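Q: First, the structure itself, so that you have it in front of you.
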Amino acid sequence: MIAGFEYHPEYLTREEQENLLTEIREMIKSNHLFQPSMPKTDKPFSVAMTSFGSLGWVSDKAGGYRYQSFHPVTKRPWLPIPDKLLSIWSDLTGYTEPPECCLLNYYQNEKAKMGLHRDQDEQDFNAPVLSVSLGDSALFRLGGLKRQGPTTSTKLNSGDIVILGGEARNAYHGIDRILYGSSQLLKNGGRINLTLRRVNKA
DNA sequence: AAGTAGCG
DNA sequence: ACCG
């Protein structure tokens, strides 16, 4: 296991998860989910996305992977990151500067997954990446700094938090599978992952 | 390029 | 078919 991987199982209580979800559901009404697609090939992701914060992560054929200050469909600025998430960032990372991006990945069905990749569209690799899981459980795979090499698998349940810091900040990782129907938190099923990141250097 | 396919 |  690469250094800098932190797993905090059951960090959020059921009530905290429900409160966070209620807030997010309201935000998504105007800060809509959209379907990103791959650079060059235009192939769609199996997950739907949106972001909160001063910068959001987007991808499409025309522009490639990037951060931008506005929603790609509505062209409006992203809504602010919920205070609860800022508190979690502060409490768990101890990182002085607040996250600029909260990327929301919605794994809507049993086919949704995220291939092995590294988060490398940011300028500040000293800051950790923090992820909150809500809803159905997922199989999370973590490798090393090269695409080839040994990996470990961790089942992430609703309310769990993962931090990729230190060496693990730049490690390959992905979601192999959603254990669809394993949680009742989301009434329509599926999994929501919230990822907090610094983008620019402090 | 965070995609898919294909292999053992 | 599933898994790594």
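Even glycines carry a Cβ here, placed using N, Cα and C.
Remember, TrEMBL labels are computer predictions, not curated facts.
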Q: Please state which member of A:His32, A:His173 TrEMBL lists alongside A:His117, A:Asp119 for binding Fe cation.
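A: That Fe cation site, as TrEMBL gives it, pairs A:His117, A:Asp119 with A:His173.
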Q: Roughly how wide, in whole Å, is the group A:Asn105, A:Tyr106, A:Tyr107, A:Arg191, A:Ile192, A:Asn193, A:Leu194, A:Thr195, A:Leu196, A:Arg197 that binds 2-oxoglutarate, by largest Cα to Cα distance?
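A: Those residues reach a largest Cα separation of 20 Å.
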Q: Among the binding-site residues A:Ile192, A:Leu194, A:Leu196, which residue has its Cβ surrounded by the fewest other Cβ atoms within 10 Å?
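A: Minimum Cβ neighbour count within 10 Å, taken over the binding-site residues A:Ile192, A:Leu194, A:Leu196, occurs at A:Leu194.
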Q: Given the Fe cation site residues A:His117, A:Asp119, A:His173, which other residues of that chain have a Cβ within 8 Å of the mean position of their Cβ atoms, reported in sequence order?
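A: Going along the sequence, the neighbours appear as A:Leu116, A:Arg118, A:Gln120, A:Ala171, A:Tyr172, A:Gly174.
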Q: Considering each pair of residues in A:Trp57, A:Tyr65, A:Arg66, A:Tyr67, A:Asp121, A:Arg147, all listed as binding substrate, report the largest CA to CA distance in Å, no decimals.
A: 23
Q: Using DSSP, tally how many residues of the domain 'Fe2OG dioxygenase' (A:98-200) sit in helix, strand and coil.
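A: In the domain 'Fe2OG dioxygenase' (A:98-200), the DSSP-based counts are 5 helix, 47 strand, 51 coil.
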